[in-house]
Amino acid sequence: MEEKESICKYEDTVVQESADGFTVTVVDKKKPQKIIKENEAEDKPQVKLYKRRFLILGIFCIYSMSSAFQWMEYAIISNIIVKYYKGTSMLAVQWTSMIYMLSYIPLMFVATWMLDKWGLRKILLVGSALNAIGSLIKIGSVNPNLFAVSFFGQTIAACAQSFILEIPPKIASVYFGPTEVSTATSMGVFGNQLGVALGFVLPPLMVPLGTDDEIASGLRIMFISSAAVCTLVVLLIFIVIKDEPPLPPSKARAISIAAESSNQATHATSLNNYKRSIKVLMKDIPFLVLLISYGINTGTYYAIGTLLNQIIEEYHENAEKQIGEIGLTMVVAGLGGSVICGLFLDKTKLYKSTTVGIYVLSLAFMCVFSFTLSLGLLWLDYLTIGLLGFFMTGYLPIGFEFAAEITFPESEATSSGLLNVSAQIFGIVLTLSSGQLLDHFDAGAATKFMSAALLVGTILTVLIKSDLKRQNAN
(Lines of atoms letter the chains of each structure in order from A; the text may use other names.)
(Lines give C-alpha, C1' and ligand atoms only; values in the text may rest on other atoms or scores of the structure.)
Protein backbone atom coordinates (compact mmCIF):
# COMPACT_ATOMS: atom_id res chain seq x y z
CA MET A 1 0.00 0.00 0.00
CA GLU A 2 1.54 3.24 -1.12
CA GLU A 3 1.48 6.07 1.40
CA LYS A 4 1.73 9.77 0.73
CA GLU A 5 3.80 12.02 2.94
CA SER A 6 2.36 13.34 6.18
CA ILE A 7 -0.20 16.08 5.87
CA CYS A 8 -0.75 16.65 9.60
CA LYS A 9 1.28 15.98 12.75
CA TYR A 10 0.16 15.86 16.34
CA GLU A 11 2.58 16.16 19.23
CA ASP A 12 2.73 12.36 19.69
CA THR A 13 0.91 11.13 16.56
CA VAL A 14 1.60 11.19 12.83
CA VAL A 15 -1.42 11.15 10.46
CA GLN A 16 -0.66 9.80 6.99
CA GLU A 17 -2.86 9.53 3.88
CA SER A 18 -2.93 6.07 2.32
CA ALA A 19 -4.81 4.50 -0.60
CA ASP A 20 -7.66 3.37 1.64
CA GLY A 21 -7.99 6.58 3.61
CA PHE A 22 -6.16 8.03 6.60
CA THR A 23 -3.87 5.84 8.65
CA VAL A 24 -2.89 7.01 12.13
CA THR A 25 0.58 6.01 13.29
CA VAL A 26 1.09 6.36 17.06
CA VAL A 27 4.62 7.42 17.95
CA ASP A 28 3.97 7.50 21.68
CA LYS A 29 1.17 6.15 23.85
CA LYS A 30 0.46 9.59 25.31
CA LYS A 31 -2.69 11.31 24.18
CA PRO A 32 -2.11 13.93 21.46
CA GLN A 33 -2.29 17.42 22.92
CA LYS A 34 -2.00 19.81 20.03
CA ILE A 35 -1.64 19.96 16.26
CA ILE A 36 1.64 21.11 14.79
CA LYS A 37 1.89 22.11 11.17
CA GLU A 38 4.26 20.16 8.99
CA ASN A 39 6.74 23.02 8.44
CA GLU A 40 6.63 24.02 12.12
CA ALA A 41 7.55 20.49 13.21
CA GLU A 42 10.49 20.45 10.86
CA ASP A 43 11.73 23.89 11.90
CA LYS A 44 11.50 23.25 15.63
CA PRO A 45 14.90 21.94 16.83
CA GLN A 46 15.06 18.76 18.89
CA VAL A 47 16.10 19.49 22.48
CA LYS A 48 16.65 17.23 25.48
CA LEU A 49 17.97 17.49 29.03
CA TYR A 50 20.23 14.67 30.26
CA LYS A 51 20.60 13.66 33.92
CA ARG A 52 24.33 13.33 33.34
CA ARG A 53 24.57 17.13 33.34
CA PHE A 54 24.55 17.25 37.15
CA LEU A 55 27.47 14.82 37.40
CA ILE A 56 29.46 16.86 34.86
CA LEU A 57 28.79 20.07 36.76
CA GLY A 58 29.75 18.39 40.04
CA ILE A 59 33.10 17.19 38.67
CA PHE A 60 33.84 20.63 37.30
CA CYS A 61 33.07 22.16 40.71
CA ILE A 62 35.62 19.84 42.39
CA TYR A 63 38.18 20.74 39.71
CA SER A 64 37.58 24.46 40.16
CA MET A 65 37.67 24.06 43.95
CA SER A 66 41.08 22.34 43.86
CA SER A 67 42.51 25.20 41.82
CA ALA A 68 41.05 28.00 43.96
CA PHE A 69 42.35 26.34 47.14
CA GLN A 70 45.92 26.55 45.82
CA TRP A 71 45.41 30.20 44.91
CA MET A 72 44.89 31.19 48.57
CA GLU A 73 47.01 28.64 50.44
CA TYR A 74 50.10 30.87 50.79
CA ALA A 75 48.59 34.36 51.12
CA ILE A 76 46.30 33.52 54.06
CA ILE A 77 49.34 32.41 56.14
CA SER A 78 51.75 34.96 54.67
CA ASN A 79 53.47 35.63 58.02
CA ILE A 80 54.12 31.88 58.49
CA ILE A 81 55.47 31.50 54.94
CA VAL A 82 57.85 34.45 55.45
CA LYS A 83 59.05 32.89 58.72
CA TYR A 84 59.69 29.44 57.22
CA TYR A 85 61.16 30.20 53.79
CA LYS A 86 64.39 32.07 54.43
CA GLY A 87 64.91 35.37 52.64
CA THR A 88 61.30 35.54 51.43
CA SER A 89 59.55 38.93 51.47
CA MET A 90 55.87 39.68 52.03
CA LEU A 91 55.67 40.93 48.43
CA ALA A 92 56.94 37.55 47.18
CA VAL A 93 54.16 35.82 49.11
CA GLN A 94 51.60 38.24 47.63
CA TRP A 95 52.84 37.21 44.20
CA THR A 96 51.86 33.57 44.91
CA SER A 97 48.32 34.92 44.61
CA MET A 98 48.92 37.52 41.91
CA ILE A 99 50.66 34.97 39.64
CA TYR A 100 47.18 33.48 39.14
CA MET A 101 45.97 36.85 37.89
CA LEU A 102 49.05 37.60 35.76
CA SER A 103 49.23 34.21 34.02
CA TYR A 104 45.53 34.30 33.19
CA ILE A 105 45.78 37.46 31.08
CA PRO A 106 47.74 35.98 28.12
CA LEU A 107 46.69 32.37 28.60
CA MET A 108 42.95 33.09 28.52
CA PHE A 109 43.16 33.87 24.81
CA VAL A 110 45.02 30.62 24.19
CA ALA A 111 42.57 28.63 26.34
CA THR A 112 39.47 30.11 24.70
CA TRP A 113 40.84 29.45 21.21
CA MET A 114 41.69 25.88 22.26
CA LEU A 115 38.14 25.47 23.60
CA ASP A 116 36.76 26.60 20.25
CA LYS A 117 39.11 24.27 18.34
CA TRP A 118 39.34 21.20 20.61
CA GLY A 119 36.10 21.22 22.59
CA LEU A 120 35.21 21.12 26.27
CA ARG A 121 36.68 17.74 27.25
CA LYS A 122 40.23 18.31 26.02
CA ILE A 123 40.43 21.81 27.48
CA LEU A 124 39.37 20.47 30.89
CA LEU A 125 41.95 17.68 30.66
CA VAL A 126 44.76 20.13 29.84
CA GLY A 127 43.81 22.45 32.69
CA SER A 128 43.36 19.71 35.28
CA ALA A 129 46.71 18.15 34.28
CA LEU A 130 48.49 21.48 34.83
CA ASN A 131 46.71 21.84 38.16
CA ALA A 132 47.86 18.38 39.26
CA ILE A 133 51.46 18.82 38.05
CA GLY A 134 51.80 22.12 39.93
CA SER A 135 50.48 20.57 43.15
CA LEU A 136 52.86 17.61 42.84
CA ILE A 137 55.88 19.89 42.36
CA LYS A 138 55.07 21.71 45.61
CA ILE A 139 55.39 18.48 47.59
CA GLY A 140 59.13 18.59 46.88
CA SER A 141 59.48 22.23 47.98
CA VAL A 142 59.14 21.70 51.74
CA ASN A 143 62.54 23.08 52.65
CA PRO A 144 63.42 26.55 54.02
CA ASN A 145 65.66 27.20 51.00
CA LEU A 146 63.27 26.00 48.27
CA PHE A 147 60.72 28.79 48.02
CA ALA A 148 61.67 29.17 44.33
CA VAL A 149 60.60 25.55 43.72
CA SER A 150 57.36 26.14 45.58
CA PHE A 151 56.72 29.28 43.53
CA PHE A 152 57.43 27.36 40.31
CA GLY A 153 54.83 24.76 41.26
CA GLN A 154 52.41 27.55 42.10
CA THR A 155 53.02 29.12 38.68
CA ILE A 156 52.24 25.84 36.89
CA ALA A 157 49.05 25.46 38.93
CA ALA A 158 48.19 29.09 38.20
CA CYS A 159 48.27 28.40 34.47
CA ALA A 160 45.42 25.92 34.99
CA GLN A 161 43.12 28.75 36.05
CA SER A 162 43.01 29.94 32.45
CA PHE A 163 41.22 26.69 31.62
CA ILE A 164 38.66 27.11 34.43
CA LEU A 165 37.21 30.58 34.95
CA GLU A 166 35.45 30.94 31.59
CA ILE A 167 33.96 27.42 31.72
CA PRO A 168 30.85 27.78 34.01
CA PRO A 169 28.66 29.65 31.46
CA LYS A 170 29.88 27.28 28.73
CA ILE A 171 28.84 24.16 30.67
CA ALA A 172 25.55 25.85 31.57
CA SER A 173 24.69 26.65 27.95
CA VAL A 174 25.86 23.28 26.56
CA TYR A 175 24.15 21.01 29.10
CA PHE A 176 21.36 22.95 30.89
CA GLY A 177 17.92 24.20 29.86
CA PRO A 178 16.80 27.84 29.52
CA THR A 179 15.35 27.92 33.06
CA GLU A 180 18.54 26.44 34.54
CA VAL A 181 21.43 28.30 32.92
CA SER A 182 21.83 31.03 35.55
CA THR A 183 21.62 28.53 38.40
CA ALA A 184 24.09 26.19 36.66
CA THR A 185 26.52 29.07 36.11
CA SER A 186 26.14 30.00 39.78
CA MET A 187 26.93 26.43 40.81
CA GLY A 188 30.02 26.45 38.57
CA VAL A 189 31.20 29.63 40.30
CA PHE A 190 30.17 28.02 43.62
CA GLY A 191 32.91 25.39 43.18
CA ASN A 192 35.57 28.05 42.77
CA GLN A 193 34.35 29.97 45.79
CA LEU A 194 34.24 26.80 47.87
CA GLY A 195 37.92 26.31 47.03
CA VAL A 196 38.67 29.88 48.12
CA ALA A 197 36.77 29.21 51.37
CA LEU A 198 38.84 26.10 52.06
CA GLY A 199 41.96 28.06 51.12
CA PHE A 200 41.10 30.58 53.82
CA VAL A 201 40.29 28.15 56.63
CA LEU A 202 42.43 25.01 56.15
CA PRO A 203 46.02 26.40 55.82
CA PRO A 204 45.88 28.18 59.24
CA LEU A 205 44.60 24.93 60.78
CA MET A 206 47.12 22.68 59.00
CA VAL A 207 50.23 24.88 59.21
CA PRO A 208 50.91 26.20 62.75
CA LEU A 209 52.99 29.25 63.64
CA GLY A 210 55.63 27.17 65.43
CA THR A 211 59.09 25.75 64.86
CA ASP A 212 60.45 25.11 61.38
CA ASP A 213 59.82 21.37 61.79
CA GLU A 214 56.20 21.96 62.79
CA ILE A 215 55.66 24.31 59.86
CA ALA A 216 57.35 21.83 57.47
CA SER A 217 55.09 19.00 58.66
CA GLY A 218 51.99 21.14 58.16
CA LEU A 219 53.07 22.25 54.68
CA ARG A 220 53.80 18.67 53.67
CA ILE A 221 50.35 17.47 54.73
CA MET A 222 48.70 20.39 52.95
CA PHE A 223 50.60 19.88 49.69
CA ILE A 224 50.07 16.08 49.59
CA SER A 225 46.34 16.39 50.32
CA SER A 226 45.93 18.99 47.58
CA ALA A 227 47.89 16.89 45.06
CA ALA A 228 45.74 13.82 45.77
CA VAL A 229 42.52 15.70 45.03
CA CYS A 230 43.96 17.32 41.88
CA THR A 231 45.10 13.94 40.51
CA LEU A 232 41.70 12.37 41.18
CA VAL A 233 40.03 15.19 39.25
CA VAL A 234 42.10 14.42 36.13
CA LEU A 235 40.85 10.83 36.19
CA LEU A 236 37.21 11.83 36.68
CA ILE A 237 37.32 14.29 33.77
CA PHE A 238 38.94 11.67 31.53
CA ILE A 239 36.26 9.07 32.34
CA VAL A 240 33.05 11.15 32.53
CA ILE A 241 33.06 14.43 30.62
CA LYS A 242 32.17 14.75 26.92
CA ASP A 243 32.19 17.80 24.64
CA GLU A 244 28.42 17.98 24.03
CA PRO A 245 25.28 15.98 24.77
CA PRO A 246 23.72 14.19 21.75
CA LEU A 247 20.94 16.80 21.57
CA PRO A 248 21.08 20.47 22.64
CA PRO A 249 19.31 21.43 25.89
CA SER A 250 17.54 24.52 24.54
CA LYS A 251 16.47 26.33 21.40
CA ALA A 252 19.04 29.05 22.14
CA ARG A 253 21.81 26.43 22.22
CA ALA A 254 20.59 24.96 18.91
CA ILE A 255 20.70 28.44 17.36
CA SER A 256 24.16 28.99 18.85
CA ILE A 257 25.42 25.72 17.35
CA ALA A 258 24.07 26.75 13.94
CA ALA A 259 25.72 30.16 14.26
CA GLU A 260 29.05 28.60 15.24
CA SER A 261 28.87 26.24 12.24
CA SER A 262 28.05 29.13 9.92
CA ASN A 263 30.91 31.23 11.27
CA GLN A 264 33.35 28.34 10.95
CA ALA A 265 32.24 27.83 7.37
CA THR A 266 32.71 31.51 6.60
CA HIS A 267 36.02 31.83 8.45
CA ALA A 268 38.18 28.95 7.29
CA THR A 269 39.95 28.20 10.57
CA SER A 270 38.89 28.23 14.22
CA LEU A 271 41.58 30.87 14.86
CA ASN A 272 40.00 33.21 12.33
CA ASN A 273 36.59 32.57 13.83
CA TYR A 274 37.94 33.32 17.30
CA LYS A 275 39.49 36.57 16.06
CA ARG A 276 36.17 37.49 14.49
CA SER A 277 34.36 36.88 17.78
CA ILE A 278 36.85 39.03 19.71
CA LYS A 279 36.44 41.87 17.20
CA VAL A 280 32.65 41.71 17.49
CA LEU A 281 32.80 41.90 21.28
CA MET A 282 35.35 44.71 21.26
CA LYS A 283 32.93 46.83 19.19
CA ASP A 284 29.99 46.11 21.52
CA ILE A 285 29.71 49.23 23.73
CA PRO A 286 27.42 47.73 26.44
CA PHE A 287 29.77 44.76 26.75
CA LEU A 288 32.83 47.04 27.02
CA VAL A 289 31.20 48.98 29.86
CA LEU A 290 30.35 45.70 31.60
CA LEU A 291 33.95 44.56 30.98
CA ILE A 292 35.31 47.46 33.03
CA SER A 293 32.70 47.37 35.79
CA TYR A 294 33.05 43.59 36.20
CA GLY A 295 36.84 43.92 36.37
CA ILE A 296 36.62 46.52 39.13
CA ASN A 297 34.23 44.49 41.29
CA THR A 298 36.00 41.17 40.92
CA GLY A 299 39.46 42.76 41.08
CA THR A 300 38.50 44.33 44.42
CA TYR A 301 37.39 40.92 45.66
CA TYR A 302 40.75 39.43 44.63
CA ALA A 303 42.63 42.25 46.39
CA ILE A 304 40.68 41.72 49.63
CA GLY A 305 41.38 37.98 49.55
CA THR A 306 45.10 38.46 48.90
CA LEU A 307 45.61 41.17 51.54
CA LEU A 308 43.12 39.97 54.17
CA ASN A 309 45.85 38.64 56.48
CA GLN A 310 47.70 41.97 56.45
CA ILE A 311 44.52 44.08 56.75
CA ILE A 312 43.10 42.25 59.76
CA GLU A 313 46.44 41.57 61.45
CA GLU A 314 47.02 45.32 61.73
CA TYR A 315 44.29 45.42 64.38
CA HIS A 316 44.50 41.81 65.69
CA GLU A 317 48.02 40.37 66.09
CA ASN A 318 48.62 36.60 66.08
CA ALA A 319 45.05 35.96 64.94
CA GLU A 320 45.83 33.65 61.99
CA LYS A 321 42.97 31.24 62.73
CA GLN A 322 40.46 34.06 63.22
CA ILE A 323 41.60 35.71 59.99
CA GLY A 324 41.10 32.41 58.19
CA GLU A 325 37.63 32.17 59.69
CA ILE A 326 36.82 35.73 58.59
CA GLY A 327 37.89 34.80 55.06
CA LEU A 328 35.78 31.65 55.30
CA THR A 329 32.80 33.74 56.42
CA MET A 330 33.23 36.02 53.41
CA VAL A 331 33.29 33.12 50.97
CA VAL A 332 30.59 30.96 52.59
CA ALA A 333 28.25 33.95 52.63
CA GLY A 334 29.26 34.49 49.02
CA LEU A 335 28.39 30.90 48.14
CA GLY A 336 24.87 31.57 49.37
CA GLY A 337 24.79 34.84 47.48
CA SER A 338 25.98 33.16 44.29
CA VAL A 339 23.29 30.47 44.38
CA ILE A 340 20.47 32.77 45.54
CA CYS A 341 21.27 35.37 42.89
CA GLY A 342 21.38 32.68 40.20
CA LEU A 343 18.01 31.29 41.26
CA PHE A 344 16.53 34.80 41.42
CA LEU A 345 17.82 35.55 37.92
CA ASP A 346 16.37 32.31 36.49
CA LYS A 347 12.97 33.19 37.95
CA THR A 348 12.81 36.91 37.11
CA LYS A 349 15.20 37.46 34.14
CA LEU A 350 15.85 40.96 35.57
CA TYR A 351 19.48 41.06 34.48
CA LYS A 352 20.11 44.81 34.56
CA SER A 353 18.20 45.49 37.79
CA THR A 354 19.85 42.56 39.58
CA THR A 355 23.34 43.57 38.44
CA VAL A 356 22.89 47.19 39.55
CA GLY A 357 21.33 46.21 42.88
CA ILE A 358 24.10 43.79 43.79
CA TYR A 359 26.79 46.28 42.77
CA VAL A 360 25.28 49.05 44.93
CA LEU A 361 25.09 46.74 47.95
CA SER A 362 28.70 45.60 47.40
CA LEU A 363 29.77 49.25 47.50
CA ALA A 364 27.68 49.92 50.61
CA PHE A 365 29.16 47.07 52.65
CA MET A 366 32.69 47.79 51.43
CA CYS A 367 32.27 51.27 52.92
CA VAL A 368 30.88 49.82 56.15
CA PHE A 369 33.83 47.40 56.41
CA SER A 370 36.30 50.21 55.75
CA PHE A 371 34.90 52.59 58.36
CA THR A 372 34.37 49.99 61.12
CA LEU A 373 37.72 48.20 60.74
CA SER A 374 39.54 50.56 63.10
CA LEU A 375 37.11 49.76 65.94
CA GLY A 376 39.03 46.52 66.48
CA LEU A 377 35.91 44.40 67.01
CA LEU A 378 36.38 40.93 65.55
CA TRP A 379 32.66 40.07 65.69
CA LEU A 380 31.90 43.18 63.64
CA ASP A 381 34.60 42.23 61.11
CA TYR A 382 32.95 38.79 60.75
CA LEU A 383 29.57 40.42 60.13
CA THR A 384 30.63 43.13 57.68
CA ILE A 385 32.97 40.90 55.66
CA GLY A 386 30.22 38.26 55.48
CA LEU A 387 27.70 40.72 54.05
CA LEU A 388 30.35 42.08 51.67
CA GLY A 389 31.16 38.54 50.49
CA PHE A 390 27.47 37.72 49.98
CA PHE A 391 27.02 40.48 47.42
CA MET A 392 30.49 40.56 45.81
CA THR A 393 30.49 36.80 45.17
CA GLY A 394 26.84 36.89 44.16
CA TYR A 395 27.86 39.32 41.44
CA LEU A 396 30.27 36.88 39.75
CA PRO A 397 27.73 34.57 38.02
CA ILE A 398 25.38 37.51 37.38
CA GLY A 399 28.13 39.25 35.41
CA PHE A 400 28.77 36.10 33.35
CA GLU A 401 25.09 35.65 32.55
CA PHE A 402 24.51 39.33 31.77
CA ALA A 403 27.43 39.21 29.33
CA ALA A 404 26.07 36.02 27.71
CA GLU A 405 22.71 37.75 27.23
CA ILE A 406 23.94 40.97 25.63
CA THR A 407 26.53 39.25 23.39
CA PHE A 408 24.43 36.29 22.14
CA PRO A 409 25.08 34.32 19.91
CA GLU A 410 28.83 34.79 20.47
CA SER A 411 30.49 32.05 22.52
CA GLU A 412 29.90 32.31 26.27
CA ALA A 413 33.49 31.16 26.84
CA THR A 414 34.81 34.15 24.87
CA SER A 415 32.72 36.75 26.70
CA SER A 416 33.37 35.26 30.14
CA GLY A 417 37.05 34.86 29.32
CA LEU A 418 37.34 38.56 28.50
CA LEU A 419 35.51 39.43 31.72
CA ASN A 420 38.03 37.37 33.65
CA VAL A 421 40.97 39.03 31.88
CA SER A 422 39.59 42.38 33.04
CA ALA A 423 39.20 40.98 36.57
CA GLN A 424 42.83 39.78 36.64
CA ILE A 425 44.16 43.13 35.38
CA PHE A 426 42.18 45.09 37.93
CA GLY A 427 43.04 42.49 40.58
CA ILE A 428 46.78 43.03 40.08
CA VAL A 429 46.43 46.84 39.98
CA LEU A 430 44.20 46.99 43.05
CA THR A 431 46.29 44.47 45.01
CA LEU A 432 49.58 46.27 44.33
CA SER A 433 48.06 49.72 44.95
CA SER A 434 46.31 48.64 48.14
CA GLY A 435 49.47 46.84 49.27
CA GLN A 436 51.45 50.06 48.89
CA LEU A 437 48.82 51.95 50.89
CA LEU A 438 49.08 49.28 53.58
CA ASP A 439 52.87 49.63 53.72
CA HIS A 440 52.98 53.45 53.71
CA PHE A 441 49.72 54.34 55.50
CA ASP A 442 47.30 51.86 57.08
CA ALA A 443 44.55 49.35 56.37
CA GLY A 444 41.92 52.10 56.43
CA ALA A 445 43.56 53.87 53.49
CA ALA A 446 43.70 50.62 51.50
CA THR A 447 40.03 49.75 52.08
CA LYS A 448 38.85 53.30 51.33
CA PHE A 449 40.74 53.12 48.03
CA MET A 450 38.87 49.90 47.20
CA SER A 451 35.57 51.62 48.10
CA ALA A 452 36.35 54.44 45.67
CA ALA A 453 37.03 51.90 42.93
CA LEU A 454 33.65 50.22 43.55
CA LEU A 455 31.92 53.61 43.33
CA VAL A 456 33.30 54.05 39.81
CA GLY A 457 32.17 50.53 38.92
CA THR A 458 28.66 51.20 40.24
CA ILE A 459 28.27 54.28 38.04
CA LEU A 460 29.42 52.34 34.98
CA THR A 461 26.99 49.49 35.72
CA VAL A 462 24.06 51.90 35.78
CA LEU A 463 25.07 53.09 32.30
CA ILE A 464 24.99 49.62 30.67
CA LYS A 465 22.31 49.27 27.99
CA SER A 466 20.36 46.04 28.47
CA ASP A 467 19.50 44.03 25.33
CA LEU A 468 18.63 40.44 26.31
CA LYS A 469 19.33 38.71 22.99
CA ARG A 470 19.49 35.16 24.36
CA GLN A 471 16.14 35.50 26.12
CA ASN A 472 14.60 36.76 22.90
CA ALA A 473 15.96 33.69 21.10
CA ASN A 474 14.36 31.36 23.67
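Positions of Cβ are set from backbone N, Cα and C atoms, glycine also.
Feature annotation from TrEMBL assigns transmembrane segment to 54-72 (among others).
The annotation domain 'Major facilitator superfamily (MFS) profile' is assigned in TrEMBL to 56-469.
The annotation transmembrane segment is assigned in TrEMBL to 92-111 (among others). Sequence-remote contacts of a segment are chain residues at least 6 beyond its ends whose Cβ falls under 8 Å from one of its Cβ atoms, and for the transmembrane segment (92-111) they are 71-72, 74-75, 78, 81-82, 123, 127, 147, 151, 154-155, 158-159, 161-163, 165-166, 302, 305-307, 417-418, 420-421, 423-425, 427-428, 431-432, 435.
Taken from TrEMBL, the feature transmembrane segment applies to 186-207 (among others). Remote same-chain partners of the transmembrane segment (186-207), defined as residues 6 or more beyond its termini with a Cβ less than 8 Å from a stretch Cβ, comprise 57, 60-74, 76-77, 80, 164-165, 167-169, 171-172, 215, 218-219, 221-222, 305, 308, 320-321, 323-328, 330-332, 334-335, 338-339, 341-343, 393, 396-397, 400.
Outside the transmembrane segment (219-241), and at least 6 residues removed from its termini, the chain residues within Cβ reach (under 8 Å) are 52, 55-56, 59-60, 62-63, 66, 69-70, 73, 84, 120-121, 124-125, 128-129, 131-132, 134-136, 138-139, 141-142, 202-203, 206-207. The transmembrane segment annotation in TrEMBL covers 219-241 (among others).
Annotation source TrEMBL lists transmembrane segment at 285-304 (among others).
Annotation comment: TrEMBL describes 324-345 (among others) as transmembrane segment. If you look at the transmembrane segment (324-345), the same-chain residues 6 or more away from its ends with a CB under 8 A from one of its CBs are 72, 76, 182-187, 189-190, 193-194, 196-197, 199-205, 304-305, 308, 312, 351, 354, 358, 378, 381-382, 385-398, 401.
Annotation source TrEMBL lists transmembrane segment at 357-379 (among others).
Long-range contacts of the transmembrane segment (385-404) within the same chain: residues 168-169, 173, 181-182, 185-186, 188-189, 193, 287, 290, 294, 297-298, 300-301, 304, 326-327, 329-338, 340-342, 345, 351-352, 354-355, 358-359, 361-362, 365-366, 368-369, 412, 415-416, 419, 464, 470, each at least 6 residues beyond the stretch ends and with a Cβ under 8 Å from a Cβ of the stretch. Here TrEMBL flags 385-404 (among others) as transmembrane segment.
Per TrEMBL, transmembrane segment is recorded for 416-433 (among others).
Taken from TrEMBL, the feature transmembrane segment applies to 445-464 (among others).
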Checking 357-379, 416-433, 445-464 against the transmembrane segment (285-304) for Cβ pairs under 8 Å, the most are found for 416-433
Averaged pLDDT score, the domain 'Major facilitator superfamily (MFS) profile' (56-469) = 83
Hey, which bits of the same chain come close to the transmembrane segment (357-379), Cβ under 8 Å, at least six residues off its ends?
-> 293, 297, 300, 311, 315-316, 319, 322, 326, 341, 385, 387-388, 391-392, 394-395, 398, 443-444, 447-448, 450-451, 454-455, 457-458, 461
